[in-house]
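Only one structure is covered here, and it is reproduced in the block below.
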């Protein structure tokens, strides 16, 4: 029985066709970066103070510098000076230029303070949704809600878009969601008010993560078994390229509406790639559309300069006995070890999301140079991917994953004690934490796929990784509300999450060189270290949205590797 993997071994597992498809699909991965962490530039909060009518005129008349104006007219530093103002008529002529408020306080009593009912003055040459919609002081929580909406969209959309990818095809899902994401991105840039902004943000979240996952699925189904892991990691690395480009765009375009347009309009060009990326032949076979799958495999052979096998017309999916079992949510908790795997992986997904997004937001809110700090922390994701490629087969999964969690947690703990004026040291340690949590983010996907038996592997991935999106919903509130209490509070939380995650990772079994479990009994026995068959490494790369086709792929991989 001829399978897709058998054909790829003959016509090229990563030939010219796969390289072209990989480069095109990496564009979709890079385009996802501004949606995921764009809040750093779209919703930055600059220094601000209450707008007081008459202050600007008095400052000009007296020739005050900005420092003198703030000293004379602002109640003080911090929240008091940002959210309250002196209840004084600054237009009265009796006010002098030297300590103008000295004669207004009766018997030395403090002057009355009032709210910023005239709006705010922002010390920034650009703009953000914060400055345009005055999302400060009592309304500062609305910034958190802005980011939480996109993560809520990720959470809700993962199931729907995953179903579309399995029901109507990866290609249809990829390009339909891309078009919707581009349209909603442009609508976000022209949103007239905060409410419509939230609606568009939620809609973009509903389709954008599924869009990224559809591209991930396509490229991992196009390449042969020997390249699947490497291609999956490099596809995620394209997301890092998007982060680097985002920092440059944000520097050139400091106004949030223009920046939003700049990251949304090019996405329309990706729709034209529809004619250069075919449907997944594996999905076509699963839908009994063998003729189309054979044509695509023949096209791949031609592109790679190879002759297709003579029995190409016999192409089909291998029979998977496990798919006859009906997966159930209860199966994830049916046995002691499966319960342990499920709870630990749920925690690891939650932690990776909170610490990853939290570090980005915290650095953006406390760093000295918003653009450079973001760039430096994004660049460390490149060596993170290299470390994974080098260590995963030498040292396994468990110890690198545990050490990366511990490194991220320890880095966050050290940042608590770094003085604010040593910003370079703060950024350097934050970069170490960012590298550690990036490794965790990429590796937990691999480990998740290797611990569950075939018939519930996709369900296990979907359920556990949903905690990632839930963490994303909570992170903005955790970061910005805790910073109001104390600037180091979020870092203590991140440190605790990371250090506990590192310890919990050691409770998982090592899966290096062990064949993927096919049954619950196999998964239960993973704790006993098995001997690798024929000294080969068995690996599966999946995400939560690689839905109905996962069982077929897993069976075909296990069979072909044992040949």
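A Cβ is built for glycine as well, from the same backbone N, Cα and C atoms used for every other residue.
Note that this is a predicted model, so its numbers are computed, not measured.
What TrEMBL lists as transmembrane segment is 21-44 (among others). Through the fold, the transmembrane segment (21-44) approaches residues 124, 128-130, 135, 143, 146-147, 150, 174, 178, 181, 185, 204-205, 208-209, 211-212, 215-216, 218-219, 222-223, 231, 234-236, 238-243, 245-246, 250, 256, 259-260, 263, 266-267, 270, 273, 276-277, 357, 360-361, 364-365, 370, 374, 476 of its own chain, all at least 6 residues removed from its boundaries and within a Cβ separation under 8 Å.
The annotation domain 'Major facilitator superfamily (MFS) profile' is assigned in TrEMBL to 103-513.
As annotated by TrEMBL, transmembrane segment applies to 145-165 (among others).
Summarising the annotation, TrEMBL assigns transmembrane segment to 172-192 (among others).
Here TrEMBL flags 198-219 (among others) as transmembrane segment. Non-local neighbours of the transmembrane segment (198-219) in the same chain are 18, 21-22, 25, 28-29, 32, 35, 145-146, 149-154, 156-158, 160-162, 164-165, 170-171, 173-174, 177-178, 180-181, 184-185, 187-188, 191, 231-232, 235, 239, 277, 280, 469, 543-546; each lies 6+ residues outside the stretch with a CB under 8 Å from one of its CB atoms.
Here TrEMBL flags 231-252 (among others) as transmembrane segment.
Here TrEMBL flags 258-277 (among others) as transmembrane segment. Same-chain residues lying 6 or more positions outside the transmembrane segment (258-277) and placing a CB less than 8 Å from one of its CB atoms are 20-21, 24-25, 27-28, 31, 34, 38, 41-42, 171, 174-175, 178-179, 181-182, 185-186, 188-189, 218, 246, 249-250.
Marked as transmembrane segment by TrEMBL: 341-362 (among others). Counting residues 6+ beyond its ends, the transmembrane segment (341-362) has Cβ neighbours under 8 Å at 37, 39-40, 147, 332-333, 374, 377, 401, 405, 408-409, 412, 430, 433-434, 437-438, 440-441, 444, 447-448, 451-452, 460, 463-472, 474-476, 478-480, 483, 490-491, 493-494, 497-498, 500-501, 504-505, 507-508, 523 in the same chain.
Per TrEMBL, transmembrane segment is recorded for 374-392 (among others).
What TrEMBL lists as transmembrane segment is 399-418 (among others).
Listed by sequence, the residues of this chain that lie at least six past the ends of the transmembrane segment (424-447) yet keep a Cβ under 8 A from its Cβ atoms are 229, 232-233, 236, 345, 348-349, 351-353, 355-356, 359-360, 362-363, 366-367, 373, 376-377, 379-381, 383-385, 387-388, 392, 397-398, 400-401, 404-409, 411-412, 414-415, 418, 461, 465, 494, 498, 501, 508, 511, 539-543. According to TrEMBL, the feature transmembrane segment maps to 424-447 (among others).
Listed as Cβ neighbours of the transmembrane segment (459-479) (distance under 8 Å, sequence separation of 6 or more from its ends, same chain) are residues 39, 141, 143-148, 150-152, 154-155, 158-159, 162, 209, 327, 329, 331-332, 341-342, 345-354, 357-358, 361-362, 365, 445, 448-449, 451-452, 490, 493, 542-547, 550. The transmembrane segment annotation in TrEMBL covers 459-479 (among others).
Remote same-chain residues near the transmembrane segment (491-508) are listed as 340-341, 344, 347-348, 351-352, 354-355, 358-359, 362, 398, 401-406, 408-410, 412-413, 415-416, 433, 436-437, 440, 447, 451, 478, 482 (criterion: CB distance under 8 Å, separation of at least six residues from the stretch ends). Feature annotation from TrEMBL assigns transmembrane segment to 491-508 (among others).
Residues or ranges marked as region 'Disordered' in TrEMBL: 544-563.
Tertiary neighbourhood of the transmembrane segment (399-418): same-chain residues 348, 351, 355, 359, 387-388, 391-392, 425-426, 429-430, 432-437, 439-440, 443-444, 447, 488, 491-492, 494-503, 505-506, selected by CB-CB distance under 8 Å and a gap of 6+ residues from either end.
Confidence in the domain 'Major facilitator superfamily (MFS) profile' (103-513), given as mean pLDDT, stands at 85. Sequence-distant contacts of the transmembrane segment (172-192) (same chain, six or more residues past either end, CB-CB distance under 8 Å): 28, 35, 161, 164-165, 200-201, 203-204, 207-208, 210-211, 214-215, 218, 257-258, 260-261, 263-265, 267-268, 270-271, 273-274, 277, 279.
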